[in-house]
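Copied over from Swiss-Prot:
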DOMAIN    31-272  domain 'ABC transporter'
BINDING   63, 64, 65, 66, 67, 68, 69, 70  ATP binding site
């Protein structure tokens, strides 16, 4: 009996998509993008994106400004729904389930797929109330449960020792780096499965950046992490896999060491060596 290859009968576009995706067993894929196009009104922002995001690894998106990195990231928890005129063609599967299915509970999706933005955005509340905010929304108000969640989340975010004696002080009194780690604590307090980080260190000093990078390394044992960064050195330091994007297209995707030391595409090499971008 003849066995056809997985690519038999594919057109060239589909074949290119197949080759870009990592060959991972189903149980090791957190997010599968089999072929995504995204539009803002009449303008197409993402073109035929296909990739698999590995579970409990750090995947970074790199590329010049405006290449679609953040747009792709925000599609993973449907933040783009908030932009007028945004529509997609295709699917994004979170552990095998298409998150763009009609009737999808978007609030629950955003609990499962948490997001940390470029600029730290603590609420004008106490440190304690920042961490428990999402839990209270879920109807959890028992003090013992909240206390345990605060300690656990702040320890996981490497912030507990710095703030444990000031939990009932305003979060706005923290440094920028502390605020960003607090936001991460707030995000993981509701026990997501995926963390999306949109340039989380761009507003931080080098010491704070190092602490956040160390935190990312610690968190990947429990969470799937996807990070957008303009800092290629940061991508090389913290990520297991890297995707290079240009003008809304996925140029190359693979393990970080290989992509940075032996890229398959000249366009990737030109970008990481500073020839453009």
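Please read every residue number as a count from 1 along the shown chain.
From the backbone N, Cα and C atoms, a Cβ is placed for every residue, glycine too.
Remember, it's a predicted structure, so these values are computed and weren't measured experimentally.
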| note | According to DSSP, residue 70 (ATP binding site) sits in helix
| request: Provide the number of Cβ atoms within 10 Å of the Cβ of residue 65 (ATP binding site), excluding the reference atom itself. | output: 8
| note | Most Cβ neighbours within 10 Å, among the binding-site residues 63, 64, 66, goes to 63
| Those residues of the chain, 6+ apart, with a Cβ under 8 Å from that of residue 68 (ATP binding site) | 45, 46, 49, 245, 247, 248, 249
| message | Could you tell me the mean pLDDT the prediction assigns to the domain 'ABC transporter' (31-272)? | response | 95
| field | Residues close to ATP site centre defined by 63, 64, 65, 66, 67, 68, 69, 70, Cβ within 8 Å | value | 71, 245, 246
| task | Could you work out which of the binding-site residues (67, 69, 70) has its C-beta surrounded by the smallest number of other C-beta atoms within 10 A? | result | 70
